[in-house]
């Protein structure tokens, strides 16, 4: 099980991730992807549904787009500017989140606290499909979840998992991505004791040891905000942020 703790240490890279054809994640939607009618994004008890009545509903998160019966065969997409858009089957626009930023790669995520959050653009990417210094072979490790948010920590063999890919903060102080063709690692084996990985509120991944000495950093730095590291189903580990749109509790919505 991934060990996630909330830390109070604040502290990103301007890198845009090239578009690749990837499968829709279970709890995230990337720029250019579509959530079809009756499609779901889930995180624990929270379920985002693009309903057949054209209403986008976050069950147990007390939010909806209020577009019931405004169209048929509706679909939700996330643009390259971080805007969520619901379109009717005829292509007309039914609803927009209204939040836009610079062109890039964004992610809409069902947050574990019950919010729908759009973060981006991407600021850092771990690539296990390219041969290089950080390559290593795949080995079998048990699975857990795929998201690390700002302020959260992985330590003591804590891991993120997605399909056949696993990002592990190993007890030997090495951060390792198992999967892809070549895998990836931070090359910090044996460089510290009781090391942990933290994503800060400026989008930077940092490995620190028990004395809080920095062992490794993604060297990505952007403005203060909320970020997320997603271990995607295609094997890429990508940091998106800051948040440019998020839902808040409105009224309770009963499941139909």
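Including glycine, each Cβ sits where the backbone N, Cα and C put it.
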Q | motif 'Carbohydrate-binding motif 2' per Swiss-Prot - which of 152-160, 161-169, 170-178 | A | 170-178
Q | Residues flagged as motif 'Carbohydrate-binding motif 1' in Swiss-Prot, choosing from 33-41, 42-50, 51-59, 60-68 | A | 51-59
Q. In the motif 'Carbohydrate-binding motif 1' (51-59), how many residues does DSSP put in helix, strand and coil?
A. 0 helix, 4 strand, 5 coil
Q: Would you mind reading off the Cα separation of residue 195 (disulfide bond) from residue 74 (disulfide bond), to the nearest angstrom?
A: 47
Q. Can you give the mean pLDDT for the motif 'Carbohydrate-binding motif 1' (51-59), rounded to a whole number?
A. 98
